[in-house]
Amino acid sequence: MPEQSNDYRVAVFGAGGVGKSSLVLRFVKGTFRESYIPTVEDTYRQVISCDKSICTLQITDTTGSHQFPAMQRLSISKGHAFILVYSITSRQSLEELKPIYEQICEIKGDMESIPIMLVGNKCDESPSREVQSSEAEALARTWKCAFMETSAKLNHNVKELFQELLNLEKRRTVSLQIDGKKSKQQKRKEKLKGKCVIM
């Protein structure tokens, strides 16, 4: 499928094994796999309706490896929004996001208009937690981005993550419906301007 100029591109970054692919697959296909299969790069698409025209939500699931810096730079330069994933069971995985965030700042420049979500995945493994949510919230405030904890395994906050990311988009109106119900915030937004929902 050729890339369209009106694609809305979301890039997902994070260390290997934090659950990037699991989050994307849970959102796009509603599935979860127990086994870990390293990703080089996969792209998933969802059709969304945006201001009465059709566009595509394109989600790029990037590699957790540091062996492909050129691919990482390309994903950042083409991306409209970013999801930075760490595992709550691994402090190291949170540390590894810092250079990625710095690279996004360097490539994108004006961070005010860039939607970014900091995501603590695997919140179902709380007994093994190494990163407290308060610590991640503080980092998100420093980065001026949103924060959420998720569990791809339990399907906790997965759709909500993508909804919140799209709510952060200031340059155009994009949103998705969760179980056919629209939030009060979404209804308010739609009254103010055009609307975008996942089909």
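Including glycine, each Cβ sits where the backbone N, Cα and C put it.
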Matching range for Swiss-Prot feature annotation, motif 'Effector region', among 36-44, 117-125, 162-170:
36-44
Roughly how many angstrom lie between the C-alpha atoms of V18 (GTP binding site) and S35 (phosphoserine)?
12
Alpha-carbon spacing, S35 (phosphoserine) to A152 (GTP binding site), which is rounded to whole Å:
13
Cα separation, G14 (GTP binding site) to S126 (phosphoserine) (Å, whole number):
19
Under 8 Å Cβ to Cβ from N121 (GTP binding site), same chain, six or more residues apart: give me those in sequence order, or none if nothing qualifies.
G14, V18, G19, S22, L23, V85, Y86, S87, I88, E149, T150, S151, A152
